[in-house]
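Here it is, the structure, as structure tokens.
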């Protein structure tokens, strides 16, 4: 199967591991390498691609700055090292991207931020706004309060969750290895690189090794887990070596890597999840004008909503019904039941004033809406 080209993707998440970012022997950031990576990111950004960075390294950078001895750290030591490292890490990314005229915005997340719906929606909205402003979100694990990320190396899976949250169509995991091999390459000189994986099977999972460096605890196994998360959500993923300068350019030039492909795309995968995997918590009744708007691919605005039923929180799944009670579709509602009831039937400007917010108010954004319920047409 032919491997895709990076320039076909419009939203890319690049994950950078600690062992790439930090020169452990010298105890400092690999400045020239990071500048080269920033140049690669700037090239994609200049072509109109949205780029997000998920950067490990807070703990590693903190322990370097604090001159902590080699070897395992206790949990509280790792968290304290992260507190020092996060400040330095944000400053470094801001500088290398500013050298190319690109703004950066730091977002600190934990695994729980991608799982708990309200926090998920807040983080997703922040990412969307930064991308709208053409800034590069630099997303770091909040190691000062997280525990599993530090102990178990969940950063690859966190990157996959971020890619899902951002509706990215590609996740790139830069590593200290070219990709997935059919045997451990450091033990078997005849090991072959798997260039394309169309589906993560038990055989593929069995190929994943568990070795990891001192600074980066995520081995190949967590990368395979990340691939399962990403491809299920409609995001392609690739693993490539980041040890060389200009690693993204090397991928574009046909350098070695492993692609994990998916037949879906983020929007269709997300809508399939909304339609079939979530238990609805309430119902929104809408008028005929809103039905026509939804069928034309528009978002659901408060003005078209006539009744609110149920007790739901922001981000919960709800059923949308037309004037005759038939199901029009399902979606993730942007407001809890109380606020939704306050703004139903109102213009967007009136709704914004009632809620004390600025900008356009949407009851359900079109990306969070699946039109065409199991009960058929309704208006």
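Keep in mind that glycine also has a Cβ here, set from the backbone N, Cα and C atoms.
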Out of 8, 15, 28, which is the one Swiss-Prot records at the ATP site of 175, 176?
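Only hit among 8, 15, 28 in Swiss-Prot's ATP site, alongside 175, 176: 15.
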Measuring Cα to Cα, how far is residue 143 (substrate binding site) from residue 176 (ATP binding site) in Å?
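About 22 Å separates the two Cα atoms.
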Around the Cβ of residue 176 (ATP binding site), how many other Cβ atoms lie within 10 Å? Please give the count over every shown protein chain.
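So the Cβ neighbour count for residue 176 (ATP binding site) comes to 13.
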Do any residues at least six apart in sequence from residue 175 (ATP binding site), in the same chain, have a Cβ closer than 8 Å to its Cβ, and if so which, in order?
17, 20, 223, 239, 240, 241, 242
Across the domain 'PUA' (281-358), what are the DSSP residue counts per state (helix, strand, coil)?
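Result for the domain 'PUA' (281-358), in helix, strand, coil order: 26 helix, 23 strand, 29 coil.
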Please report how many Å separate the Cα atom of residue 155 (substrate binding site) from that of residue 176 (ATP binding site), as a whole number.
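Rounded to the nearest whole number, the Cα-Cα distance is 15 Å.
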